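Copied over from TrEMBL, here are the features:
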SIGNAL    1-22  signal peptide
DOMAIN    25-125  domain 'SRCR'
DISULFID  63-124  disulfide bond
DISULFID  94-104  disulfide bond
DOMAIN    132-232  domain 'SRCR'
DISULFID  157-221  disulfide bond
DOMAIN    242-342  domain 'SRCR'
DISULFID  267-331  disulfide bond
DISULFID  311-321  disulfide bond
DOMAIN    357-457  domain 'SRCR'
DISULFID  395-456  disulfide bond
DISULFID  426-436  disulfide bond
DOMAIN    470-570  domain 'SRCR'
DISULFID  508-569  disulfide bond
DOMAIN    579-679  domain 'SRCR'
DISULFID  648-658  disulfide bond
DOMAIN    676-776  domain 'SRCR'
DISULFID  701-765  disulfide bond
DISULFID  714-775  disulfide bond
DISULFID  745-755  disulfide bond
């Protein structure tokens, strides 16, 4: 219900607002996630840290906050590019024991005397020691996935979570593999920090720390998205694959075997040429040339899986030889066994290439495990380097328009025929897999647990209706909106997973704008009617078209209508040439008016709060604002309404630097003209809640008042959240009208007017039920659209 629809009511409420959530921090510009320019997320925007007073203690906090064990280089700023935009922190002084960089002593957020050539960068130890556990399962083989970081357990978000990630978790816990990857808090919600998000494992990693993911603690999730797994309780206890590692050529190396989802080495006890013969024949060679021991090809780091192997030499597999049980040994890696196979005598003939392709194990003809026919034999394809470009070639070769999904790690089951292709790397426009870069036929280092599959789509092609492949929808102006692409003869939205400023920059340039103002996520410009068709964009930023970026198809993903990507592109408009305060009782208060094109006009109060007021007051020569009365408190203006939806971070030098609608664009009337006054009040973070309607202040009744309502109040005042919601005139009785009653907020509204409530002025309360709040004290925060009176 909008304010215009309110009738007369009264309500009395009170609350205590809570501390902010954990700080987001990242390293940018490095070749890996463990190095780069330090950036922190404040007030909805990433910014840099100045190197004044920077030392090892500060760098240690950064690295530990990101989950690394230690710092390697304290200030590596010369090795990484400088940043742009905000400089958030300066004069940082940590002791080294802090949990986050924000806990350290420093200047106020955004207060600095630096330039970007002073941006600090660090190099952390690349080792992240993640311990994992499963919680709330029936047995120890299943449950919610939790990881231990910096002395605290936390959960994993289910964005991008799939069976490949689950395999890694299960093997970390000693199980052979995963049978299910659970999403949507299947095993209940956690209440500790969310440590990991956007985890993407290949599936053969030994730890989640080796998988791609956001930096520790960086996420856009709730605990309703906690990931879980179910691990296999069955051990095959057989050697399913063999590989040679660390040799100077493919026919020699340290012997490693694959058992129950884990690669491991072989001890050289009893190891001889007969054992080497069996290994080499399994790998396609005619036999063994030698059987070196004592880690001749270097020491392995994986488990020692076999010992006391005693083959006769005529066995078809190591499984047929006498040996200890899997994992039973009395060895060290200094005893790792190796082989040298008869080079040049591999039992293969020159290949005639791939002559046919088929899909096996799918529910329809257009999906399944990819199998190719070469040299008279059907065989599978390994998933090394496999991506959507390779899948597109396969699908087109089979007569489909392309692929909308790839699968790795035996999504369609393991094959039993030879593995014929590996390291396939197509550009995407080839007519046949024969035209793609790849290993020679039969040359691979894979097991069948890496067999690839595809889902082809008969007709899904990204085409253009005229000259554009992308447009913005849902925004009020042509430079902002949800991003949509043209596919299957219709416009479809884009999912916001991994969506960032580089992706948005490509969109804006493609649409003819000079640059991007900011990316938007979570369907900022409204929920679309159709489902998202593209996902996980990763643009470098200099691509000519969004379709030139890396992305996945999103036809079958979990992206909902509330997760649409959007952008705000840079645009030109008229300038603000002056400010004045009108109808105040003193020079430092009044209705705000701005001068545009030689005409004075007003500002609408939509989204107006203390951060905006501080910017205006500083432009007028004051140190800041102390109150922000709304709803025409200083009378209605008569000229144009020049500004609406102003959103400042509070540190801008000029109001023109703030996010806002174009000058002259609004959906307001003059009864919403903003007024500002400066009052010599005491601490503003607690007291009775009062709102101003049509110039008259009044209270709020505490009927149905709870913590969710309190959270909205505190955020509207510029505070991060709520601890308590008080009623019963905890901060004393008011004497003005009781404006609101029966307020019911969900807790995520941006202002109280967005919540359910009685009509304005309609109530069954007295001032004994006046509501008050106590919000977190912060020197840069103060009163916004409400006043807190009689704070104790």
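Heads up, residue numbers simply count up from 1 along the chain you see.
Using the three backbone atoms N, Cα and C, a Cβ is placed for every residue, glycine included.
Working note on the disulfide-bonded residues 104, 124, 311, 658: by count of other C-beta atoms within 10 Å of each C-beta, 124 ranks first.
Comparing C-alpha positions, residue 221 (disulfide bond) sits nearest to 648 among the disulfide-bonded residues 94, 311, 331, 648. Around residue 569 (disulfide bond), the C-beta neighbours below 8 angstroms that are at least 6 residues distant in the chain are 472, 479, 480, 504, 507, 508, 511, 513, 515, 516, 517. Comparing the disulfide-bonded residues 221, 648 by how many other C-beta atoms lie within 10 angstroms of each C-beta, the top residue is 648. A gap of 45 Å separates the Cα atoms of residue 311 (disulfide bond) and residue 395 (disulfide bond). Looking at 456, 714, 765, the disulfide-bonded residues in this record, the fewest other C-beta atoms within 10 angstroms of the C-beta turn up around 765.
Look at the domain 'SRCR' (357-457): DSSP puts its residues at 16 helix, 36 strand, 49 coil.
For the domain 'SRCR' (242-342), the DSSP-based tally of helix, strand and coil residues reads 16 helix, 32 strand, 53 coil. When the disulfide-bonded residues 331, 395, 436, 658, 745 are ranked by how far their Cα is from the Cα of residue 714 (disulfide bond), 745 comes first.
Cα to Cα, residue 63 (disulfide bond) and residue 321 (disulfide bond) are separated by 49 Å. For residue 745 (disulfide bond), the same-chain residues lying six or more positions away in sequence with a CB closer than 8 A to its CB are 708, 709, 711, 712, 752, 754, 755, 756.
Here the disulfide-bonded residues are 331, 426, and the one whose Cβ sees the fewest other Cβ atoms within 10 Å is 331. Here the Cα atom of residue 321 (disulfide bond) is found 14 Å from that of residue 267 (disulfide bond).
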